[in-house]
Amino acid sequence: MSTAGKVIKCKAAVLWELHKPFTIEDIEVAPPKAHEVRIKMVATGVCRSDDHVVSGTLVTPLPAVLGHEGAGIVESVGEGVTCVKPGDKVIPLFSPQCGECRICKHPESNFCSRSDLLMPRGTLREGTSRFSCKGKQIHNFISTSTFSQYTVVDDIAVAKIDGASPLDKVCLIGCGFSTGYGSAVKVAKVTPGSTCAVFGLGGVGLSVIIGCKAAGAARIIAVDINKDKFAKAKELGATECINPQDYSKPIQEVLQEMTDGGVDFSFEVIGRLDTMTSALLSCHAACGVSVVVGVPPNAQNLSMNPMLLLLGRTWKGAIFGGFKSKDSVPKLVADFMAKKFPLDPLITHVLPFEKINEAFDLLRSGKSIRTVLTF
């Protein structure tokens with residue numbers, strides 16, 4: 001029996017308040033309106049950015065259905081949708097691509113002006129949410145809301161992917177993998193034979209390492225205070241691993257001494273202001289490129305001496321690895337299917353959706369790289 005055009009009752013993980021666990025609720029998901037797509041979710045990754053909402057570091061209206069790293073199958077579409085059809089395998093896009101704004105038309109930029117990321121409204125483009133629970137509207141989260149058995153997204157925030165792709169793996173392309181991998185191959189444009197330093201060895205940091213290796217870097221130095229992460233970093237391409245706590249001097253000085261004045265490319269994948277500075281200083285003063293990948297704390301500012309850039313350093317950042325999402329996600333899935341990069345080593349746990357709070361405990365304790373929740 002078709003559910004198209006009807007309200008669907010399903011389970012979702014609702015965050016009602018900051019610093020509280022998720023609650024599995026029975027919610028109602030209204031049909032998609034014009035230029036919207038309703039998706040039956042199959043799998044979703046648990047990302048640090050979701051936890052930033054729980055802690056208040058990333059501000060979005062509550063109550064909300066979080067989650068932004070998922071994959072599923074189109075259940076129905078609203079009027080005017082031409083990019084996908086019911087039955088298509090898709091990845092929702094937290095970084096949309098309208099194709100019409102100045103940024104989408106820019107050949108190098110990818111942060112669509114219709115993105116809900118900088119100042120989250122908690123709604124779709126139309127101005128409301130399709131979620132309700134106990135008679136109350138539940139907000140969306142950055143165009144996606146993948147912590148629900150069904151979600152509704154705008155058609156500018158969904159990409160059709162290979163129908164043979166395993167959704168419990170390629171869901172990582174919806175955020176963490178693409179963010180890290182693209183930071184190396186597209187944002188920094190790592191060159192063959194170069195030396196790289198990667199600060200932070202979570203799922204995104206390890207994806208940076210995969211990107212550096214794919215780009216032909218000769219040395220990839222992994223930096224983390226958790227030595228338990230070193231084996232996985234080396235498995236994925238790190239040539240050396242160092243712990244800042246093992247040294248009496250600042251880690252940037254250690255890296256400068258190891259690399260004849262500094263690395264060619266550095267990546268901060270933690271989201272701390274002090275490590276952003278360390279990553280910048282660890283790259284060569286005259287030719288180094290440092291990329292900010294980690295999401296910094298809300299409303300905190302970083303001060304620095306302009307002389308650090310005057311000799312030729314470059315300091316840059318990007319959302320979603322610099323990829324134009326609708327264009328790039330299908331290609332990244334195709335590359336995965338062609339075995340151009342691995343995803344399996346990033347997935348340390350697979351849990352049923354109902355165990356979402358256990359997944360966040362694993363994330364906060366540092367015991368997981370990526371936990372995938374299946375519906």
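From the backbone N, Cα and C atoms, a Cβ is placed for every residue, glycine too.
Checked against Swiss-Prot, the residues Lys89, Lys160, Lys186, Lys340 yield a single entry marked N6-succinyllysine: Lys340. Screening Lys40, Lys189, Lys234, Lys355 against Swiss-Prot annotations picks out Lys234 (annotated as N6-succinyllysine). According to Swiss-Prot, Gly200, Leu201, Gly202, Gly203, Val204, Gly205, Asp224, Lys229, Val293, Gly294, Val295 bind NAD(+); the candidate from Arg130, Arg364, Arg370 that the record adds to this site is Arg370. When the candidates Cys47, Cys83 are compared with the Zn(2+) 1 site entry in Swiss-Prot, which names His68, Cys175, the shared residue is Cys47. A straight line from the CA of Gly202 (NAD(+) binding site) to the CA of Ser2 (N-acetylserine) spans 41 Å. For the pair Val204 (NAD(+) binding site) and His68 (Zn(2+) 1 binding site), the C-alpha distance works out to 14 angstrom. When Cα-Cα distances from Asp224 (NAD(+) binding site) are compared across the recorded positions Cys101, Cys175, Lys234, the shortest belongs to Lys234. The two recorded residues, Cys104 (Zn(2+) 2 binding site) and Lys340 (N6-succinyllysine), show a Cα separation of 27 Å.
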